[in-house]
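Heads up, the thing below is written out as structure tokens.
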Amino acid sequence: MSKFTKYFLMEASDVIAYVKEKLSKFEHAKGLKCKEIGDGNLNYVFRVWDKKENMSVIVKQAGDTARISDEFKLSTNRIRIESDVLQLENELAPGLVPKVYLFDSVMNCCVMEDLSNHTILRTALINHQIFPQLADDLTTFMVNTLLLTSDVVMNHKEKKELVKNYINPELCEITEDLVYSEPFTNHNKRNELFPLNEGWIREHIYSDKELRMEVAKRKFSFMTNAQALLHGDLHTGSVFVRDDSTKVIDPEFAFYGPMGYDVGNVMANLMFAWVNADATMPPGAEKDTYMDWLQTTMVEVIDLFKKKFLDAWDIHVTEIMAKEEGFNEVYLQSVLEDTAAVTGLELIRRIVGLAKVKDITCIENEEARARAEQICLKVAKSFILRANQYRTGRSFVETLKEQSMHYAE
């Protein structure tokens, strides 16, 4: 009798038994091994492999609380959302997400392609690796998954069915708290401030009423603007890379929201990589080459996104009023404003809030870390307060470089 007819959190030995029962190609495998490899905040991730037979899979299971904190009570439905979204994204952006082999609504888990021959992008960037096709792949992914799930392209009734299918209240609440509220109010007393910057943050983040007003506006846009199906957590820890391949993973935060949320997350996390390199690499040609590539990548993320977005609009638009001359540019500009604001929000929340990024925390020299944080926080305020001024990739990068040089003076 199967032991997998009632939900429980699996251990490695359970996962081996699970794949042997559920996946025919593993049924008679003799040398299966399993290791829990998850380092995220929410789920349990296992790699199962048979070296002799050269086959492997990933098993991802959802618990009913977040790993980051038991305070976050979560619906295990998020794994259903993730499985569904990955399959949809594979239709919209083929080859840019892992394949899903199985979803199990009883065990609240899914089985998917093993990407062990790739590296987590955040880790690769901290190690100062270069991936020439990164911007091209990420912009293709974002344009195809965002524009093609919007009212511009989809039948409106079908789009509303997707909105209903991807209602994701528990994970949206995490974003509403950790991105749009707590970094500016600390009302839940969970913020973690680096001591050298604590005074500056209290004066220039917590006490800035103009900033808080702009964040309030963006929060309500996030909660009410069901523009497109977002990945919802598109940082560099949600991307696997190798020289010839990019794979976007972990869309468990997916829901219908403003497109710029995904684009802004990508931009902010590339900036974390930039300040990390600025703080940790010794001066010289290697540092110059790497930081130049990061700057070019940031420029291309915005500029390629714009070009591909308008090209895809011309090909796929179905909404009659969206065909009005010039409306595509107006629509795109609103996406870019959201992008700038979210870039700022992500920069602030990862420094002030509960969920840190290794790009910052691994900077061992305290003065260098304080400098990196302040560069991020200062450019973040500009992105939020002057979001309508950021229309090109170069405008983002110039603000980052100017703040870095200003800090050095």
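Each Cβ is built from the backbone N, Cα and C atoms, and glycine gets one as well.
As recorded in Swiss-Prot, the features of this protein are as follows:
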BINDING   Asn43, Lys60, Glu113, Asp114, Leu115, Asp250, Pro251, Glu252  ATP binding site
BINDING   Asp233, Arg349  substrate binding site
Structural state of Arg349 (substrate binding site), classified by DSSP into three states: helix
Distance, Asp233 (substrate binding site) to Glu113 (ATP binding site) (CA atoms, angstrom): 20
Cα-to-Cα gap, Asp233 (substrate binding site) vs Pro251 (ATP binding site), nearest whole Å: 7
Spatial neighbours of Pro251 (ATP binding site) that are distant in sequence (at least 6 apart) but have CB under 8 A: Ile81, Glu82, Val85, Leu86, Glu89, Val97, His231, Gly232, Asp233, Ser238
Least buried by Cβ count (within 10 Å) of the binding-site residues Asp233, Asp250, Glu252: Asp233
Cα-to-Cα gap, Asn43 (ATP binding site) vs Arg349 (substrate binding site), nearest whole Å: 21
C-beta crowding around Glu113 (ATP binding site), within 10 angstroms: 17
Cα separation, Arg349 (substrate binding site) to Asp250 (ATP binding site) (Å, whole number): 20
Max CA-CA distance, Å, over listed ATP-binding residues Asn43, Lys60, Glu113, Asp114, Leu115, Asp250, Pro251, Glu252: 18
Separation of alpha carbons, Glu252 (ATP binding site) and Arg349 (substrate binding site) (Å): 19
Residue with minimal Cβ packing [other Cβ atoms within 10 Å] among the binding-site residues Lys60, Asp114, Arg349: Asp114
For Glu113 (ATP binding site), the three-state class that DSSP assigns: strand
